[in-house]
Amino acid sequence: MVTVRAPATSANLGSGFDVFGAALSKPADVVRIEPAEETTIEMYGAGSEYIPEDPEKNVAGAVAKALDAPAEIRIDKGVRPSSGLGSSAASAAAVAVAIDEAYGLGHSREELVPYAAEGEALVSGEAHADNVAPSIMGGFTIATPEGVTQVDASIPLVVCLPELVISTRDARRVVPRSAEVSQVVDCVGRAATLVAGMFRDDPALVGQGMEDGIVTPARAELIDGYDGVREAALEAGATGVTVSGAGPAIIAACEDERRKGIASAMLDRFAERGIETRAYQTEVGRGAELF
Ligand code: HSE
């Protein structure tokens, strides 16, 4: 029996749509697997009642198939589905790392990323790696068709998860098909600033880089109360605020001592609208861990 904990992640980080991702120190999924003749899946934990256990319809089944390694798989969800926190990616990442260990396949963490991305393809229609890469490798990741560049960053974060459901497929439909050159110039500058901030462990630069005028405004409209929550987080000292992944989670970067105040300001704004919400005081953290 192999047990792996794989973290939630936040993709995009504003200016890095489908490219940037960060592992979060919490929450996380825990997966236990045993090699078997054929793949079976049992689901427990947050939102597991909405996830099919049929291996043909479950990300874990897709990863086991991609690695040609059938297994009995038990998944304890700490990351609820349709959250914007890489729920399916956390399960896919954990299964990829666990199967590699159980079968002694000897893949590097980077080599496991495309296998785990097969799970993503099953749920979102595209095998993008911006959630699975940080969940497997940890830290901040830049995922491109050429591969993954990983940085061991340390940035305090607050993630707020309202009880709203937005499917990744729906959130991808609202992404603009084109942008003005001036918007692209702004986005490149911000993306570069964010990368510099990750290398320097500088929350101010990371926050500047999290602003984005192309994808985020369209997606923010899908999240009831987004503008008010963003404003409250900035007033409480966040250096930058954006939609986490496809939403509805909202992520803020900040200095360590500001996390508590930002979390409570964001929770208050959602509460004013009668929306139940969880807040995680978290940070850029480690990737999948074997137990
Ligand atoms: N980059 C993806 C998106 C992540 O924002 O649609 C969601 O899984």
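Glycine is no exception: its Cβ is also placed from the backbone N, Cα and C atoms.
The annotation domain 'GHMP kinase N-terminal' is assigned in TrEMBL to 60-139. Sequence annotations record features per position, and here TrEMBL assigns ATP binding site to Arg80, Pro81, Ser82, Ser83, Gly84, Leu85, Gly86, Ser87, Ser88, Ala89, Ala90. Annotation comment: TrEMBL describes 198-268 as domain 'GHMP kinase C-terminal'.
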Per-residue Cβ crowding (10 Å cut-off), top of binding-site residues Ser82, Ser88: Ser88
Average model confidence [pLDDT] within the domain 'GHMP kinase N-terminal' (60-139): 93
Coarse DSSP state, helix versus strand versus coil, of Ser88 (ATP binding site): helix
Residue among binding-site residues Gly84, Gly86 with least C-beta crowding, 10 angstrom cut-off: Gly84
Count of other CB atoms lying within 10 Å of the CB belonging to Arg80 (ATP binding site): 21
For the domain 'GHMP kinase C-terminal' (198-268), residues assigned helix / strand / coil by DSSP: 38 helix, 8 strand, 25 coil
Neighbour count (Cβ, 10 Å) for Ala90 (ATP binding site): 33
